[in-house]
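Record features, source TrEMBL:
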- 32-53: region 'Disordered' (REGION)
- 33-45: compositional bias 'Low complexity' (COMPBIAS)
- 82-103: transmembrane segment (TRANSMEM)
- 123-142: transmembrane segment (TRANSMEM)
- 181-206: transmembrane segment (TRANSMEM)
- 327-520: domain 'Glycosyltransferase 2-like' (DOMAIN)
- 493-522: transmembrane segment (TRANSMEM)
- 639-659: transmembrane segment (TRANSMEM)
Amino acid sequence: MPRPPNYEFQDWWNKQRENGHDVVPEKYECTTNSDNINNNNNNNSNHHHPNSPFLTVEIRNPSSDPAVDKEMRARSVRQLSGIYLLKLQQIAYSVVYAVIYVVRTIQSRSASDSSHSRFYRAIKWMLILVISLLCFELAAYFKGWHFSPPTAETAELMVEFVYATWLQVRADYLAPPLKSLGHTCIVLFLIQSLDRLVLVIGCAWIKFKKVKPKAAMAYPVGKGDDEDLEDYPMVLVQIPMCNEREVYGQSIAAVCIQDWPKERMLVQILDDSDDLDVQLLIKAEVLKWQQRGVHIIYRHRLIRSGYKAGNLNSAMGCDYVKDYEFVAIFDADFQPTPDFLKKTIPYFKGNDDLALVQTRWSFVNKDENLLTRLQNINLSFHFEVEQQVNGVFINFFGFNGTAGVWRIKALEECGGWLDRTTVEDMDIAVRAHLCGWKFVYVNDVKCLCELPESYEAYKKQQHRWHSGPMQLFRMCFIDIIRSKVSWAKKANLIFLFFLLRKLVLPFYSFTLFCIILPLTMFIPEAELPAWVVSYVPGFMSILNILPAPRSFPFIVPYLLFENTMSVTKFNAMISGLFRFGSSYEWIVTKKLGRSSEADLVAFAEKESDSTFPRSTSESGIAQMNRLGVTRKTERRNKLYRKELALAFILLTASVRSLLSAQGMHFYFLLFQGISFLLVGLDLIGEQVNTTSS
């Protein structure tokens, strides 16, 4: 049964209204500044039936005073103005602080090798030029001069006359030399592409015919009781290193567990470290292996002249070296398998004219980040195609500086290690080739090593690798001409080995895609055809990526990154060719020790069924703790000015290409500019700076 309605509150409300009392308090009255609204039902609203279930509320609209309203509006405007001025002041302070912070960050994080170089200044002036041209072209575009260009005779304004003069100068004086330079680079591009295609065809023929270098003998796997020590030649193993805190232990362990008679092998640890803590760590590691019966010695030079070449040459001067026939060389981050010597030494048997057996590199961190993946593509092509084809067809290739075995007699005959360039490995290989020695490349034997994981380390490595060959070419050109080798070998050395693969490649790559292509956007009379911009580079990228098919999804980043690295390679090539100071810089590539010694020992046990102590890593850690050495890893991006300047040049050119509706050129310039920008901001690879305290 419903509850009966209660009319007491309604009766009280109506009585209060009849007596003229305000039922709604003043603070709840609703007022407005609009014109008063006449309510014709006011009288009726006071005479509801006492039993009505509805509650009636009156909303009053009192008349407002204009003077008061005007004063309130003025006060509100002043308050809002003050608030906005305060906000603008805060924004201005924030902008100034941000600009100061950015400037200081740029100064502190800019790479030291680019801020004062002539090459960087040239790029900076080019950036200023293209930005000025873009502003000029945009103004002309909005004026409609792109569709009906003015002439010098019909120009009414000074701006029209200037634009008409620019069009005439551009067509008559700038376009012809730029077009000629572009055609020259295109010809070089096609020649280098043809060389790559021939190498790939040669590699395919080797795979199809299953052509491999053959050894005259083979050593048994493991250690037998009836083996004759005289069958094992005396081998010297050298590990040059310099402040290799992260990797010294794993390389020493890999060499010391070689499946080779201990009486027939001597390990030299050639330490050029200037860090006393690292020296003590390496000495402790050497002492540990000496106590286990390994013939291993520690050498440290007080005067570090000649860098790696000086270190190797000093070690070869020891009196006991004359008792050894072969020398195997490994950098500090390389870890040969226990059967390395058993798989390489047999190639020397019966080949008295063989000087070098080079093996392939295998990378423990190739999938670590995008930078290492792109490096793996390049180096896979180098070893699988270049080294293998040259080794099979002409028995000559550049020594890779590590993971190889030399005949000591060949080293001595060609003059030993020289420190005249930063590529001592290529230097000694060229001199040995001119003396008539032959090389063998074994693609099946792989040696584990590390790839640089930071762009800074990779850039310094590439600078050394591309400046050194030009130094060497300048120094040995006359020696090549005067040598007794055939003219075919001389032509191969001069035109293919040095000029085409070491000089032409960085020259056309940088000049064509980073200089000529952006300029043609502002000088359309010298426009490059689309096949030069997209089709041929794409086809060559496919050829380069064939030895590493798993990397095929990275083909576009690989193409863009190779063009991005052309600025470093071109700068290095020019500095080496014209003897600039930076061409003689030697900086040890930073390693992070990705492959642990525990993994190495486990691999050795699996391969050779031997039992090795597992205390290798522990001794190093304990020694570091006793020395009070701590490692601190800091991640910090650097800024590379040359790359950033080129990024803005390419992006500016891409904006200009939109005015001419050049679709293919626009996309190439846009993505290439973004690639330069990412590299310039150090957003590729790891930014790791390991220090000790």
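Each residue, glycine too, has its Cβ placed from N, Cα and C.
Predicted automatically and left uncurated, TrEMBL annotations should be read as such.
Given the structure is predicted, the values throughout are model-derived calculations rather than measurements.
Of the ranges 82-103, 181-206, 493-522, 639-659, the one with the most Cβ pairs under 8 Å to the transmembrane segment (123-142) is 639-659. Within the chain, the transmembrane segment (493-522) has long-range Cβ neighbours (under 8 A, six or more residues past its boundaries) at 126, 130, 133-134, 137, 170, 178, 181-182, 185-186, 188-189, 191-192, 195, 398, 430, 433, 466, 469-470, 472-473, 477, 480, 528, 532-533, 562-563, 566-567, 569-570, 572-573, 577, 646, 649-650, 652-654, 656-657, 660, 662, 665, 668-669, 672. Tertiary proximity for the transmembrane segment (639-659) is limited to same-chain residues at least six positions away from its ends with a CB under 8 Å from its CB atoms, namely 105-106, 109-111, 114-115, 117, 119-120, 123-124, 126-127, 130-131, 133-134, 137-138, 141, 146, 455, 459, 514, 517-519, 521-522, 564, 567, 571, 665-666, 669-670, 672-677, 679-682. In the predicted model, residues of the domain 'Glycosyltransferase 2-like' (327-520) average a pLDDT of 94.
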